[in-house]
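A.B. asks: Per Swiss-Prot, the features are:
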type	residues	note
ACT_SITE	Tyr22	active site, proton acceptor
ACT_SITE	His99	active site, proton donor
BINDING	Asn73, His79, Asp86, Leu100, Ser101, Arg110	substrate binding site
SITE	Arg17	site 'Transition state stabilizer'
Amino acid sequence: MKIMVLHGPNLNLLGKREPSVYGSVTLEEINQKLAELAGELGVEICCKQSNSEGELVDLLHRAAEEADAVVFNPGAFTHYSYALRDAVSAIGIPTIEVHLSNIYSREDFRKHSVIAPVASGHICGMGVTGYLLALRAAAALAGT
């Protein structure tokens with residue numbers, strides 16, 4: 001079983017960008033924790049990060065061919081990217097939306113996700129633990 005983990009815009013800056021909101025953990029550290037859990041679960045993961053909406057759409061399309069599920073942090077695209085929403089809807093595999101921060105306790109424009117209604121699940125506000133829960137959920141939904 002393979003799960004694709006997609007990190008959206010600005011997540012490459014984790015550890016430096018607003019640590020009071022996102023914590024001090026880096027993207028590399030998140031990916032390492034995910035790899036450790038994947039080993040325990042007996043699943044393969046492929047982690048990708050992009051600041052480009054179009055590239056994320058392409059990666060979601062690729063996931064439909066190469067993976068059994070997706071863990072997806074769309075970053076700021078969460079709030080307005082109908083292209084990503086349509087891609088999640090179209091791929092036909094379990095997709096868990098995840099956010100480090102609680103988007104519902106932040107600025108008004110961040111309190112709405114256009115992705116959540118078409119995702120299999122939505123986890124936010126739990127920091128790195130949210131990613132680990134999302135990986136467990138994706139694996140369970142994909143059938144392990």
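From the backbone N, Cα and C atoms, a Cβ is placed for every residue, glycine too.
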A.B. asks: How far is it from Arg110 (substrate binding site) to His99 (active site, proton donor), counting Cα to Cα, in Å?
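C.D. replies: Counting only the Cα atoms, the answer is 11 Å.
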A.B. asks: Please report the number of other Cβ atoms within 10 Å of the Cβ of Ser101 (substrate binding site).
C.D. replies: 18
A.B. asks: Nearest by CA distance to His99 (active site, proton donor): which of the recorded positions is it, out of Arg17, Asn73, His79, Asp86?
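C.D. replies: Checking each of Arg17, Asn73, His79, Asp86 against His99 (active site, proton donor), the shortest Cα distance is to Asn73.
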A.B. asks: Specify the secondary structure state of Arg110 (substrate binding site) as given by DSSP, simplified to three classes.
C.D. replies: helix
A.B. asks: Reported as an integer number of Å, what is the Cα distance between Leu100 (substrate binding site) and Arg17 (site 'Transition state stabilizer')?
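C.D. replies: Distance between the two Cα atoms comes out at 13 Å.
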A.B. asks: Please report the distance from the Cα of Asn73 (substrate binding site) to the Cα of Arg17 (site 'Transition state stabilizer'), rounded to the nearest angstrom.
C.D. replies: 16
A.B. asks: Taking the Cβ of His79 (substrate binding site) as reference, which residues of that chain separated by at least 6 in sequence fall under 8 Å from it?
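C.D. replies: Those within reach of His79 (substrate binding site), by Cβ under 8 Å and sequence separation of 6 or more, are Phe109, Arg110, His112, Ser113, Val114.
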A.B. asks: State which of the following recorded positions has the fewest other Cβ atoms within 10 Å around its Cβ: Arg17, Arg110.
C.D. replies: Arg17
A.B. asks: Fill in the CA-CA distance, Ser101 (substrate binding site) to Arg17 (site 'Transition state stabilizer'), as an integer in Å.
C.D. replies: 13
A.B. asks: Mind giving me a neighbour count for Asp86 (substrate binding site)? Other Cβ atoms within 10 Å of its Cβ, every protein chain shown.
C.D. replies: 14
